[in-house]
Ligand code: ADP
């Protein structure tokens with residue numbers, strides 16, 4: 001993405017609108033719950049009906065003291081305390097034991113069904129099936145797992161029987177438990193599409209992490225390292241949440257057992273990596289947002305969080321009491337820092353912060369349903385289940401663009417700095433040369449003036465005829481010094497004030513004719529022939545500073561006279577075509593050798609350095625400066641012994 005693209009406010013706002021629209025589309029597409037609510041008080045299974053969402057017809061009982069047995073919850077008073085879930089899948093934010101009760105009538109031709117507890121961090125659960133006809137009880141221990149780690153179990157539901165299912169779950173954190181019931185074929189189909197989704201998602205994540213890491217290796221920009229660690233930690237926490245880590249490692253794997261020993265349970269592992277991911281995210285953001293420049297006040301929150309990060313991690317590792325509150329505080333401060341500092345930085349003109357804003361829109365937009373679901377404010381759906389994953393894809397893409405922009409930026413900064421050094425060196429060199437030239441140009445006439453005055457003071461005898469000549473020379477030299485200083489002043493004035501305030505729009509044909517005529521006498525007084533030719537469109541209109549362009553003409557005409565022999569011709573020409581006017585001043589004088597041509601527009605450059613009396617060496621530099629201020633072009637064609645032609649070109653449209 002071009003660096004100026006989102007620097008433009010309208011484009012930036014357009015991107016924001018597009019992203020919000022994109023997020024809304026994803027919401028519309030994925031959030032409708034796949035499960036239609038029913039009013040029946042039992043689940044009736046039919047052939048090829050797809051997935052039954054148990055939460056629509058189940059009752060929940062919080063067993064705060066973990067005291068009840070199956071027999072207790074089947075009879076009063078516990079049995080009467082069950083509350084209908086009414087489709088909700090989240091029941092509280094505290095750890096504890098919960099009983100779930102649902103009734104199923106199998107009216108299909110199938111007897112083997114799959115029940116899935118869609119929460120991979122459930123600590124422990126027991127399931128009891130009570131067949132109303134036989135009054136037999138089947139316990140979880142004899143239920144076969146349908147899939148190794150996705151908390152999915154085969155249950156046997158005899159046809160036309162009413163079966164009551166009791167599930168006892170132990171959760172360490174928030175009680176989120178979407179339960180699905182489906183036939184084996186539907187289950188396998190769902191599993192397959194989930195594997196494809198995870199395959200694509202984690203494949204992409206791996207690519208992003210590897211890309212960021214390789215960018216770090218090649219460029220040694222630590223922001224890349226932090227971001228790749230952020231991606232890795234976020235993915236591990238998501239893998240635990242999705243049950244994929246358990247799936248990949250195998251429940252008995254040494255690493256998983258080790259992790260469980262360290263963090264107590266799956267939720268502990270999830271938490272540890274999630275907080276680590278926030279920490280790396282924090283380090284990453286502080287690197288790219290350049291808070292010290294754009295939001296210095298936010299640095300305090302950043303430092304507090306930076307100190308808090310390892311503390312929260314240690315607290316979660318050792319399950320300190322109240323660590324959950326510390327973690328929630330940490331997460332909230334992180335969110336405030338992220339939102340306030342990025343939006344403030346955008347306000348202060350940071351381009352990188354704009355990328356951060358663009359990255360957070362899809363992430364927050366798609367993670368929100370999961371959060372709403374946690375608080376029971378949104379029904380279980382694909383979006384609430386995988387919102388974090390969908391959001392993170394968009395976020396990774398935006399941040400990788402932001403980082404490559406930042407890298408490009410720091411490269412350009414370095415190149416610019418290098419170029420500036422070279423320019424500074426050149427300026428220094430030119431200044432030294434200029435000073436040498438100036439001191440030479442002023443010293444030689446001054447020496448003559450000084451010598452002359454001293455001779456007079458000493459009363460040295462001068463022949464009467466020579467006296468006038470002598471005084472004339474002194475006067476000439478003083479005049480020269482005066483003109484030189486005037487020219488120097490004018491040039492430096494032109495160079496300093498780039499703004500051309502005195503612009504006028506004029507009819508070029510009339511104006512140039514008048515100017516040419518005014519030079520006729522100057523040329524003739526110099527003992528030369530004056531010629532002119534004008535073929536300018538009478539309609540041609542041009543916006544110039546007439547005083548400055550007159551100065552250019554005057555400098556060129558004076559040079560033409562100065563470098564011609566008596567009796568020669570000076571030709572002034574003006575023409576217009578294709579929206580441009582071209583003027584040239586031609587003489588048939590001494591001409592300029594080709595080796596001098598590239599330098600004659602430089603300040604204080606003279607072909608013959610000894611002829612200080614003939615000019616300041618600044619006339620052409622002034623002319624060039626003026627023409628360039630008018631966005632025009634000045635150049636020369638010359639041949640030694642034959643003469644020179646000085647051109648300048650201005651655009652009619654120049655304003
Ligand atoms: P100067 O005051 O010395 O004329 P300019 O900047 O006007 O300073 O010109 C720089 C040098 O370019 C002159 O010293 C001269 O050597 C050369 N030059 C300029 N105009 C002409 C011309 N029409 N014919 C030959 N040489 C010229």
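Residue numbers in this text run from 1 along the chain shown.
Heads up, the Cβ atoms here are built off N, Cα and C, so glycines get one too.
Automatic, uncurated: that is what TrEMBL annotation is.
Quick look at what TrEMBL annotates:
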type	residues	note
TRANSMEM	12-30	transmembrane segment
TRANSMEM	195-213	transmembrane segment
TRANSMEM	225-249	transmembrane segment
TRANSMEM	269-288	transmembrane segment
TRANSMEM	300-318	transmembrane segment
TRANSMEM	324-344	transmembrane segment
TRANSMEM	351-372	transmembrane segment
TRANSMEM	384-405	transmembrane segment
DOMAIN	437-654	domain 'Histidine kinase'
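Counted as Cβ pairs under 8 Å, contacts with the transmembrane segment (12-30) are highest for 384-405 among 225-249, 269-288, 300-318, 324-344, 384-405. Per-residue confidence over the domain 'Histidine kinase' (437-654) averages 85 (mean pLDDT, predicted model). Outside the transmembrane segment (269-288), and at least 6 residues removed from its termini, the chain residues within Cβ reach (under 8 Å) are 121, 173, 222-223, 226-227, 229-230, 233-234, 236-237, 240-241, 245, 259-260, 262-263, 302, 305-306, 309-310, 312-313, 316-317, 327, 330-331, 334, 337-338, 341-342, 352, 356, 402-403, 406. Here the transmembrane segment (300-318) has long-range neighbours at 262-263, 268, 271-272, 275-276, 278-279, 282-283, 286, 291, 326-327, 330, 333-334, 336-337, 341, meaning same-chain residues at least 6 beyond its ends whose C-beta is under 8 angstroms from one of its own. Note on the transmembrane segment (324-344): residues 173, 271, 275, 278, 281-282, 285, 289, 291, 294-295, 298, 301-302, 304-305, 308-309, 311-312, 315-316, 353, 356-357, 360 of its chain, located 6 or more positions outside it, place their CB under 8 angstroms from a CB of the stretch.
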